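**Student:** I am attaching a structure below and will ask some questions about it afterwards.
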Amino acid sequence: MTPIITCLLDGRYELAEGLLWDELTKHLFFCDILGKQIHAMHWDTKEVTTWDFPKVVGSFGLCKDGRLIVAMKDEIILFNTVTKIYEVIAKIEPDNPRTRLNDGKVGPDSAFWVGTMDDISPRTPIASLYRVAPDGNVTQIATEIRTSNGLAWSPDTKTMYHSDTGSGEVFAYDFDRDFGAVTNQRKFAQLDNTVGRPDGATTDTDGNYWSAGVSAGNVNCFAPDGQLLQSIAMPVPRPTIPCFAGPNLNTLVVASLRPHGDDELLKEFPKSGGIFAMDVEHKGLPTYRFG
């Protein structure tokens, strides 16, 4: 059955990304990468709180102490949403002018997993995936990536997913949450512009992997064995990341970007850059916290 999609927030953000659900405060968080902002929408009132940053915000996560861990251009910071004071705990590729931090998530090991991307077109495989431990120690996990994306974990935490938007590849790894280690990299899916190159992602309680097909206007659902189960056509051409949200974690929320430089596309899809929602017959997983 095709789900009914509604526009949850017609914000027309430049590049909405990083959706996550905070079950403690009933807030849906997301960032506008190019707008250099993080937003939090209260689920019931729809009131939005916004924080501004001095650099682009690639991604972020929740911390056990109530702060946010933020991937800001080439720095990992801990941000206090009340005082707006932050501390830098790590720098990643600060000497490479071509790259910036992109998709990131807190994993089951309470570390922040984050990748970089080549920020200049045509994108080349010069980016990497990293693990940032609670003490700020940074470990390089994977290399030769164009645009690091698609981080998510299986319900039993034994599998980690990661994608490269540029190559269209989605990888699966064996994951050890006790040591924050990955082994046995294998290709999970190879995606093209027909289905949609893999952008942000999430998983559900059945172990399915949901990926935003950013180049095809789809959200794609894959079974744990890599079989494509469903492609949901979005009302905007460039969805960026799906996330399960709401009190029952059964609302699939999808962020999007505004395809600047294409006036006809913007005219046809004026709500590009908005946040969309649909009820689905699947349930998401709780959000992990850093620290």
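Cβ atoms are placed via backbone N, Cα and C, with glycine included.
The feature domain 'SMP-30/Gluconolactonase/LRE-like region' is assigned by TrEMBL to 15-257. TrEMBL lists E17, N149, D199 with the feature divalent metal cation binding site. The substrate binding site feature in TrEMBL is assigned to R100, N102. The active site, proton donor/acceptor annotation in TrEMBL covers D199.
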**Student:** Compute the C-alpha separation of N149 (divalent metal cation binding site) from R100 (substrate binding site), stating it in Å without decimals.
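**Tutor:** The Cα atom of N149 (divalent metal cation binding site) is 13 Å away from the Cα atom of R100 (substrate binding site).
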**Student:** Under DSSP, is N102 (substrate binding site) helix, strand or coil?
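**Tutor:** For N102 (substrate binding site) - judged by DSSP and reduced to three states - the answer is strand.
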**Student:** Among all protein chains shown, how many Cβ atoms are found within 10 Å of the Cβ of E17 (divalent metal cation binding site), not counting that one?
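**Tutor:** The Cβ of E17 (divalent metal cation binding site) has 25 Cβ neighbours within 10 Å.
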**Student:** Enumerate the residues of the same chain, E17, N149, D199 excluded, that satisfy the criterion Cβ within 8 A of the mean position of the Cβ atoms of the recorded divalent metal cation site; list them in sequence order.
**Tutor:** N102, D103, T147, G150, T165, G200, A201, A212, V214, T240, I241
**Student:** In the three-state scheme derived from DSSP, which category covers D199 (divalent metal cation binding site)?
**Tutor:** strand
**Student:** Expressed to the nearest Å, what is the distance separating N102 (substrate binding site) and D199 (divalent metal cation binding site) at their Cα atoms?
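**Tutor:** Distance (Cα to Cα, whole Å): 11 Å.
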**Student:** Between R100 (substrate binding site) and E17 (divalent metal cation binding site), find the distance joining the two CA atoms and give it rounded to the nearest Å.
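**Tutor:** Answer for this pair: 15 Å between alpha carbons.
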**Student:** Hey, what's the Cβ neighbour count for N102 (substrate binding site) at 10 Å?
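**Tutor:** So the Cβ neighbour count for N102 (substrate binding site) comes to 28.
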**Student:** Helix, strand or coil for E17 (divalent metal cation binding site)? Use DSSP.
**Tutor:** strand
